[in-house]
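Below is one structure, written out as structure tokens; comments come after it.
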Amino acid sequence: MDTASVTGGEHKGKEKTCRVCGEEVAAREDGKPFVACAECGFPVCKPCYEYERSEGTQCCPQCNTRYKRHKGCPRVEGDEDDGGDMDDFEEEFQIKSPTKQKPPHEPVNFDVYSENGEQPAQKWRPGGPALSSFTGSVAGKDLEQEREMEGGMEWKDRIDKWKTKQEKRGKLNRDDSDDDDDKNDDEYMLLAEARQPLWRKVPIPSSKINPYRIVIVLRLVVLCFFLKFRITTPAMDAVPLWLASVICELWFALSWILDQLPKWSPVTRETYLDRLALRYERDGEPCRLAPIDFFVSTVDPLKEPPIITANTVLSILAVDYPVDRVSCYVSDDGASMLLFDTLSETAEFARRWVPFCKKFTIEPRAPEFYFSQKIDYLKDKVQPTFVKERRAMKREYEEFKVRINALVAKAQKKPEEGWVMQDGTPWPGNNTRDHPGMIQVYLGSQGALDVEGSELPRLVYVSREKRPGYNHHKKAGAMNSLVRVSAVLTNAPFILNLDCDHYVNNSKAVREAMCFLMDKQLGKKLCYVQFPQRFDGIDRHDRYANRNTVFFDINMKGLDGIQGPVYVGTGTVFNRQALYGYDPPRPEKRPKMTCDCWPSWCCCCCCFGGGKRGKSHKNKKGGGGGEGGGLDEPRRGLLGFYKKRSKKDKLGGGAASLAGGKKGYRKHQRGFELEEIEEGLEGYDELERSSLMSQKSFEKRFGQSPVFIASTLVEDGGLPQGAAADPAALIKEAIHVISCGYEEKTEWGKEIGWIYGSVTEDILTGFKMHCRGWKSVYCTPARAAFKGSAPINLSDRLHQVLRWALGSVEIFMSRHCPLWYAYGGRLKWLERFAYTNTIVYPFTSIPLLAYCTIPAVCLLTGKFIIPTLNNLASIWFIALFLSIIATGVLELRWSGVSIEDWWRNEQFWVIGGVSAHLFAVFQGLLKVLGGVDTNFTVTSKAAADETDAFGELYLFKWTTLLVPPTTLIIINMVGIVAGVSDAVNNGYGSWGPLFGKLFFSFWVILHLYPFLKGLMGRQNRTPTIVVLWSILLASIFSLVWVRIDPFIPKPKGPVLKPCGVSC
């Protein structure tokens, strides 16, 4: 078909409408109409044409012909060489004329693009070209793709820095760099560096990983022969003991396989922050880094000290990231006036703390932990005013800390009439179980500047509404409320979730995450980036394995080589679209032959088939289930309606208030109503009409908030056009979306946001995302990204483990159990094994408790689980023991974990297994099957104690979790004494079985040694109550066993009957 004929025939009219998005097809720069497809002339606008080429099938929706590249448009893979590369290169990168026009922009308080009113920050599009900018409406229909790079700047410092790094890497000769003074050559070098990947995968060296895999296979073979030997050689004089031990060993083998297979191909990753800066943060241009919203959650400020929460917030506000792209939301689920006043003081102190951190680039940027460091703080500091300003800042922080302590002391005793705010009005949250929603914006509005006149990141206090009779779903419900509030106020495309006791230890942590999330290829497939948890304030020997190094440095790296690490509840950067239940984009295979390769008589068949292909392609990001499918289909039309609607009307509503009334937002007149949408259908074509009617399905899924629904359709982040015109109306809309009844009859907690149904909502939420096909990434920068506090006290540590295990049991008993959920989906098999291991590990406590009891029983009764310890049995036992040691040693070799950390992990696996995990199994069964709810308590976070750094370590707190391990220790000690005494007094036929029994008993006690040491505390004595309970249980067990004596056959003699003879 002739292109000219198409152009003249199809575009005689002055205006043509794009058949994809419904917008007008704009003319080209030379005034001629834009024709996307030269074969059929199907009307498609330039933005849709470029998006289809970069993200879609690259084919025309009507004739299925592959789109050819138009001059000035970015290249994609598969484009033919048209001989105009050099001209396009100069035109795309604009080396000669870097200037361009910027559209006017009016500053708005809650605008995520710009707050200075000078020029809007460029928006970033996930998965878009690496060096491109986008402007225009939020719908993406009017977006005009800009040039991939703008040249003409000197950037001398960056060039020198780049040359130095390249010389160190051996990629650049020093002589060449000295001679290369030409400006254009420097620019081309920067272009080449900026186009390099932002990250790379670093596999484990084969010299370390291959022996590890070989030993795993050998251990599996040895394990099979060992189990065969154990099953085929029963102990006839102790069948119950033998049967119990074999069942335990079979379970341990299955548990080991589930734990070992996901660690088959571990990987590590490294990032390139300099390339990120060259690509998205170039000097003299608006920053194009993606905005991010921080979420901090807290429940009880008396258990979670406000000074710790304040330090977390301060470290967020001082993060090394553009201030207009950072927002911090603090969720107060306890509606505490103490936290409200604390954040007010924190916002005031941040005006001095944030510029101090950025001026001297200090780390960490949490003042409590920065000033408590026992290091040379003058190292690498060259500013002469640093010492003086640091001394002044430390004094100001101490004064700030005293004010916070005064607030805490005041909050200890609540007045009878309730708390009263400074203006004399009663505090709305006096009743923590019945109060309205509250929102307060401290920073981020105009006028909230630091002492140097620079802007500060946004800081927002949020306390969701609570009413009797509603299930608030604890932390998961609070996080979902923050998702909705942030979407209404800022709507950043990424969300970083932190616990209140986890501060930002690496100010560049967000940039580390953006190296993955803003990557051209990987970013659009990622649901979250997970950072490892690191802790402060742990004793040097880590008695109770609080650091959990084995999990974070071994298991998580193994998962990163499959589909990604699990979500661990904090230190995670989420893709907002993944939280909304959308599927990741599905890569479609390009057809080997297109229409222009077939004869003309086949074109109609191809077009018919292409129609189906185009239809299926529209649902590229369908929801996770239920009504989630097809959410992308009405996106363009619905956004077009909001855009046209915003030109006529603005958001209504009165002035913003701190707290909504008892009916909250229900009386508030919203700007977009469903009735108005239905009335506005007249005059639209069929495509737009069907798109607008899908508003009802959106409300069933996301809730009845048109502003929030519109924000979910903006993939790039940012507020819908016109929504930011009235900040007061946005506050009222935000109060509406945190009302207690908002989630009724919606998909929140089921398919959207944090998933309900378990106290470990983190595991469930990550599992749902991976089932949809999303991937996650494990980021381990050299400097820990975040650090938190861990419960170093034995009782608190066991209660923490109890809560985790209880959540796993709840997931096991739910429909989301990995054993039977989402088969046929996009969850990889090894990833399913890993999730299965995370929910079945509490059940290991039952065979573990039995196996730790068997050695003592054998010593008390003189029986053994093995009939005869012959040479073959000895070989299998020794081979299994050596394979376990070899696996552990090689695992430490490739992971870098110390042997002490590995041994502490093994010890606490036994301690937690026979205590917290055991209780979690029974509590979980009672909760799920019997309906008996077990309320979990928040683990207390102790503030820093300068008098005794580890005073909490020796503090004893009574809990029933201490009884089973103590009983095991006493039983095994009694068994050792009884076994040795019996051998000495009565002799022993064979010392081999005796040594085997003694070895197993000592092995149990050795694993429980940290627990025993914790019971003794500082005074080296076990609490009386624990001793009494344990001795009582051990005595009852021993007496019953001796009385029954099940392994000694009853003597059967002749039956005596009266014979009638006197004898």
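A Cβ is built for glycine as well, from the same backbone N, Cα and C atoms used for every other residue.
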* To do: Of the residues N793, N935, N1020, give the one that Swiss-Prot describes as N-linked glycosylation site.
  => N935
* **Check: R904 and S981 same membrane side, Swiss-Prot record** => yes
* **Which of D274, D333, D341, D450 belongs with S297, K303, E304, K474 in the UDP-alpha-D-glucose site listed by Swiss-Prot** => D333
* To do: Identify, among the binding-site residues C21, C37, C45, C60, C63, the residue whose Cβ has the fewest other Cβ atoms within 10 Å in this structure.
  => C63
* Which of these binding-site residues is closest to D333 (UDP-alpha-D-glucose binding site) if you go by CA atoms: C21, C40, C63? -> C21
* **Per DSSP, three-state class assigned to S297 (UDP-alpha-D-glucose binding site)** => strand
* Nearest recorded site to D762 (active site) by CA-CA distance, among binding-site residues C37, E304, D499 -> D499
* **Neighbour count (Cβ, 10 Å) for S297 (UDP-alpha-D-glucose binding site)** => 24
* Asked: Does DSSP put C18 (Zn(2+) 1 binding site) in a helix, in a strand, or in coil?
  -> coil
* Stretch-level contact, the transmembrane segment (908-928) and the transmembrane segment (846-866), CB cutoff 8 A, at least 3 pairs -> yes
* To do: Determine, using Cα-Cα distances only, which of these binding-site residues is closest to K303 (UDP-alpha-D-glucose binding site): C18, C37, K475, D499.
  => D499
* **Distant-in-sequence neighbours of the coiled coil (387-414), which means Cβ under 8 A and at least six residues beyond its ends** => 301-302, 305-307, 310, 336-338, 341-342, 345, 349, 352-353, 356, 359-360, 367-368, 371, 377-378
